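A.B. asks: Among the features that TrEMBL reports, domain 'Pseudouridine synthase I TruA alpha/beta' is placed at A:8-103, A:144-246. Per TrEMBL, active site, nucleophile is recorded for A:53. The substrate binding site feature in TrEMBL is assigned to A:111.
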């Protein structure tokens, strides 16, 4: 009987072409599948909670796969990490009930977009934060973000290249954290459209600059028109922060596991 | 009349052979001197506050140089940054009195050594922190660090390759900060010998592991013998944090400048 293994993986997306496999290669999925092959000999496909674009990072991306391997669940993370490059690190692995599916079972996803407000870029964050040295009105950005909460048609906040049949999504929560000169925009939702968080971040920067008002957000949602919103913020400031699942659906042995910290 | 320009520079030392120029090239000093040459046309040598080893980083390294250029002091940082790679960033520049010398005038230097205590390495800190997943007794490390404060002969805490004629230095202050799973060891002193902070960090990790006791430190200082102390910790966890100068000796126009934050 095959087992359903779930893993939480963090990666520095700087040099990769995104999470999902593609013909040109160089994706996180390719790297993970190759590592699993050297470990179990199986040519299998993993199921990610969703894609991340080229250059986007993950603190806690989740994926699962079905395997015949008998490796005990507590050995998986260490075993796979020794077969991964140092910019891809599996943080946790466990066995899930058979029906668990990293994409279909996900209930909430949180993304973080980071903005470095120093006069000159922080060298140590240069791959993980967008440099924006001119002033931003954080209170206005907070107010604008809050207008996104709820169930809305997010057509204005997705790329015109979106191939999704419908664009209604729910945002549960938004918040902005200040950490010294760094600004972190957090968005938690049921799911996100192509480029959605980057367009939210780009629009919020226009609000912060005073080019848009927080009160413009409802009309943008109403417009269902990509040209009503701000630019798509650069990929390197974006990080998939965490993916939430109902504990009873995602773990066979809950008590044996610690949550990701 | 030439002007004495001072700059504060931050760098990610990962891919460099250290601060100081050497025949094989690829140093921070080479990069800075080349950038100054494209800016002013001058073939000059900069004076750093001190060396940093290959792979060591700097939040606030300081250097100065004498130039005939008439570039106003407030334009220097931006002008040089456009000529530097993205892992070397000048944060501040100002004009100093003629006698100011980045090495001789320095009164205090602070280094930070960072230790990542997570079970698996944090991908985003992998070049800036040493990964140490087994438990460390932080209280013991704090106590051991405090025994280093004062004027001591640090022969036991320098490489046997040190070419310094004498090894007496003063440590003014030590402290350990915990930031989630990250541990930051700070050491502030009058000056440091070759590999001194890395040997202190390696020794502190042995104390944290229980291989040594905090009370062993005085005898180590007494021994004046490199074999009495712990290993030299890896370079990538080390960062030159800041260099302090007497304000009246280092700035011509103090009120016009903000300090580095």
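Using N, Cα and C of the backbone, Cβ positions are placed for all residues, glycine too.
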A.B. asks: Specify the secondary structure state of residue A:111 (substrate binding site) as given by DSSP, simplified to three classes.
C.D. replies: strand
A.B. asks: Just to be sure I understand, if DSSP states are collapsed into helix, strand and coil, how many residues of the domain 'Pseudouridine synthase I TruA alpha/beta' (A:8-103) fall in each?
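C.D. replies: In the domain 'Pseudouridine synthase I TruA alpha/beta' (A:8-103), the DSSP-based counts are 25 helix, 26 strand, 45 coil.
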A.B. asks: Please identify which of A:53, A:111 has the densest Cβ environment, defined as other Cβ atoms within 10 Å, among these recorded positions.
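C.D. replies: Per the Cβ count within 10 Å, the most buried is A:111.
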A.B. asks: Could you please provide the mean pLDDT value for the domain 'Pseudouridine synthase I TruA alpha/beta' (A:144-246)?
C.D. replies: 96
A.B. asks: Can you tell me how far the Cα of residue A:111 (substrate binding site) sits from the Cα of residue A:53 (active site, nucleophile), in Å?
C.D. replies: 13
A.B. asks: Based on DSSP, tally up the residues of the domain 'Pseudouridine synthase I TruA alpha/beta' (A:144-246) by helix, strand and coil.
C.D. replies: 36 helix, 31 strand, 36 coil
